[in-house]
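*Asks:* Taken from TrEMBL, the feature NADP(+) binding site covers LEU8, GLY9, CYS10, GLY11, THR12, MET13. Positions annotated as domain 'Pyrroline-5-carboxylate reductase catalytic N-terminal' by TrEMBL: 61-138. TrEMBL lists ASN95 with the feature NADPH binding site. Marked as domain 'Pyrroline-5-carboxylate reductase dimerisation' by TrEMBL: 203-307.
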Amino acid sequence: MGYTLCVLGCGTMGIAVLSGVVESLDATSRLQNGFAAKWESHTPGTLTPVGAPDDTTPTRFIACVNREESARKLRNVFDGLGALGGDIEVVAAKNLKAVQEADVILLCCKPQLAHTILGEPGIKEALAGKLLISILAGVTINQLCGWVGTSVKVIRAMPNTPCKIREGMTIVSNLQPSDDYEKDHEIILKIFSSIGRCRFLDEKHFDACTALSGSGPAFACIFLEAMADGGVMMGLPRADALEMASQTLQGAARMVLQSGTHPAQLKDAVTTPGGCTIAGLLAMEDGRVRSTIARAIQIATDRASELGQPKV
């Protein structure tokens, strides 16, 4: 049982998704042998597949790249993922053969290369009737359908890089009604829920999702680095400051996710009259930190809408 998952254009995001999926399946094996993964007990919204593989569980993986040099690097990356990582097939310049052998195709190339890859001779025919999941920022479902035809079941997904450690956030476009709706829905959930949280939204929200969860880890790292720098400024060793800042942000985020409490309530709970927290908060308001972060999301959203679109 099981199906073949092919990743076309296996770059940073393709590696992240494949690594997370393989890790989730490897975790299943560890759990069945009596070993519990530490994060499993405290990561709500992330599911580990259980039971024997069925036709909604990937059991064969093909990672496609353009050059043999890239293929060698990928093999080294996947070989370090454990037993299942070594089973990932990495191929160079063999997109057509990989798509022909696959059941589900994950399109992870750069947006500007999508038309070229999908336009390769034979690709359109090889995709017919299959599920094509695109993670390309700015490339719409209508565009993709125009390139591959209406016989292909096309959806969009927007995962982020923490998928690699199964802490991802993925937004998936709503599926169109079909005879395979339930099966396709389960396939998608098993892929993306195994590597983090997964939510279905209308495609019109995808540019904002690209900015918020796709680019968001980079924005969060700026804030994280700034917190650590502040600790170093006040005399803390760099390693200790970075560890404290990282765990503090992770803990705050988990409190929001697990309790459903609004961030403002959590903020107020640690802000005592005349204390150090309110002094620091006022300094942040002076620096317009809140509006700057919100504007970063706005500007990144506008930029995301331009990606994958033809130059005029």
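Cβ from N, Cα, C; glycine included.
Describe the structural surroundings of these features, if you would.
*Replies:* Here GLY9 (NADP(+) binding site) comes close to CYS64, VAL65, ASN66, LEU107, CYS108, CYS109, LYS110, LEU113, ILE117: these same-chain residues lie at least six apart in sequence, with C-beta atoms under 8 angstroms from its C-beta.
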*Asks:* Round to the nearest Å and give the CA-to-CA distance linking THR12 (NADP(+) binding site) with ASN95 (NADPH binding site).
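*Replies:* The separation of the Cα atoms works out to 18 Å.
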*Asks:* Between the binding-site residues LEU8, CYS10, MET13, where is the Cβ count within 10 Å the lowest?
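*Replies:* Selected from the binding-site residues LEU8, CYS10, MET13 on minimum Cβ neighbours within 10 Å: MET13.
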*Asks:* Considering every residue in the domain 'Pyrroline-5-carboxylate reductase dimerisation' (203-307), what is the mean pLDDT value?
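*Replies:* Averaged over the domain 'Pyrroline-5-carboxylate reductase dimerisation' (203-307), the predicted model reaches a pLDDT of 95.
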*Asks:* Any same-chain residues 6+ apart from GLY11 (NADP(+) binding site) with CB under 8 Å of its CB? Would you list them in sequence order, or say none?
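*Replies:* Listed in sequence order, they are CYS108, CYS109, LYS110.
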